[in-house]
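What TrEMBL says about this protein:
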type     : residues                 : note
ACT_SITE : 221                      : active site, tele-hemiaminal-histidine intermediate
BINDING  : 56, 57, 58, 59, 109, 114 : substrate binding site
DOMAIN   : 9-336                    : domain 'DhaK'
DOMAIN   : 372-571                  : domain 'DhaL'
């Protein structure tokens, strides 16, 4: 079965994609009758060297995204993963020659089809008297033993576009540019890894991987790599990649060692999430700096993809200051990132957090006993939430992103870790305030924010008194804050339904002679009934409000969790005979 693609036709997808880029970028033009994109200010290049590159489509933003002042003059695109036609390459060479350029450099990735077609076009152009040179880029560091075909051209080619573009913009001649970029190309290496394959429009995936496998050392056309490895953490995979691409026993290695200065490219092969890309970038920076390598610049993003392949490639380019100036030179190419022109290594990456306000001293006459009770209550709450993780996640999948249980478990583990650091505050105000900060920082999601708001507001009435009426007032204050900022109301099918029902029962604490356990027991029972009743409610707030109510036939997970917390508090207090 072929994979789904948002295309008009399989045959026309490369033309449509290039046309879309040009349509949205006034600095580009199409060469009529050819799959060629050129700078729209071509006439301004008179007397300078033109730079042409290209190859198969499917590597976006390469290659057309790197057209612009300070980078490429134009590109020639083939069909998906297919070398461009000789006639189109020759037409592009003629087009740039006609505006008075003093020569053309063809920047070609090392694939047989590209070498043949660009090479043939070059021979024909030279026969017409047009000065044309060609550099073939092979930066692949996957192969420990080189075959006759040599190293494949991968993402490092984009760095060659940048260096050559800066030289051309500075007015350097064709022979000198060719010589200098050829030398730069020898000082870099690239290695890719992928979680699965990709599929060209109209085709099936090019290879299959088991759930616990990762493909190492693959190219950019969906072809398999040099070996398969077991799935591992990002840190482990990055370490394996760097070991492979820098090992001196690997004939295609890049000679990076302690003391080297490099440009690092972390390239998304097309289908990796930005979340994972950031994790890989962090792992690569830490691993390189741990080896004593200085990272002069770091480029993170999508530069040369393989359609929707969920993977990354790492490129290392050895640099000195003159080469860095070329990397830093200005360009108008739309896909080149706005990179800070300062080294990555050696920069301070964090600042001290502001000191927390000093807490007022609290009487500790019964602090030990009170702290012990608090610990027992919190431990019961944590155990309850950890035991509910799977059920809450299952309930949340019907109307959310399925992480309600995970979020509450994260809060429980954070509280458990906090309790290990020392006894909790004896003051109810300080206790609720500390728990608020902890949940805001560690729990995450809207639940963390709502609980944090609730506890922050609830702490205020307890500053003056800690009797039962004060605890009822604390509940009122917490509920008011939740409604003010969360915009939910009772009956909206949220966690507020459980807490609101409990709060109404706790009003009885404001009456003289109220019994702690009788009122609290009724409050818990009301909260549990309210949580169960949410399955018959139409969601009026939160993520569930975007889902058809016909699908919501289970109780709200937040309401269930809130009721469970109240039940755990009651049972913990009863077990202590408070």
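Each residue, glycine too, has its Cβ placed from N, Cα and C.
Note that this is a predicted model, so its numbers are computed, not measured.
Neighbour counts of Cβ atoms within 10 Å were taken for the recorded positions 59, 109, 221; the minimum is at 221. Separating the Cα atoms of residue 56 (substrate binding site) and residue 221 (active site, tele-hemiaminal-histidine intermediate) is a whole-number distance of 9 Å. Spread of the substrate binding residues is 15 Å (greatest Cα-Cα distance among 56, 57, 58, 59, 109, 114). Taking Cβ-Cβ distances under 8 Å and a sequence separation of 6 or more, the neighbours of residue 57 (substrate binding site) in its chain are 13, 14, 17, 18, 77, 78, 79, 80, 81, 82. Listed in chain order, the extra residues whose Cβ falls within 8 Å of the Cβ center of the substrate site residues 56, 57, 58, 59, 109, 114 are 54, 55, 62, 63, 77, 78, 80, 81, 82, 83, 220, 221.
In this structure, 56 is the one among the binding-site residues 56, 58 with the smallest number of other Cβ atoms inside 10 Å of its Cβ.
Across the fold, the C-alpha of residue 109 (substrate binding site) and the C-alpha of residue 221 (active site, tele-hemiaminal-histidine intermediate) stand 12 Å from each other. Its Cβ taken as reference, residue 114 (substrate binding site) is surrounded by 25 other Cβ atoms within 10 Å in the chains shown. Here the C-alpha separation of residue 58 (substrate binding site) and residue 221 (active site, tele-hemiaminal-histidine intermediate) works out to 8 Å.
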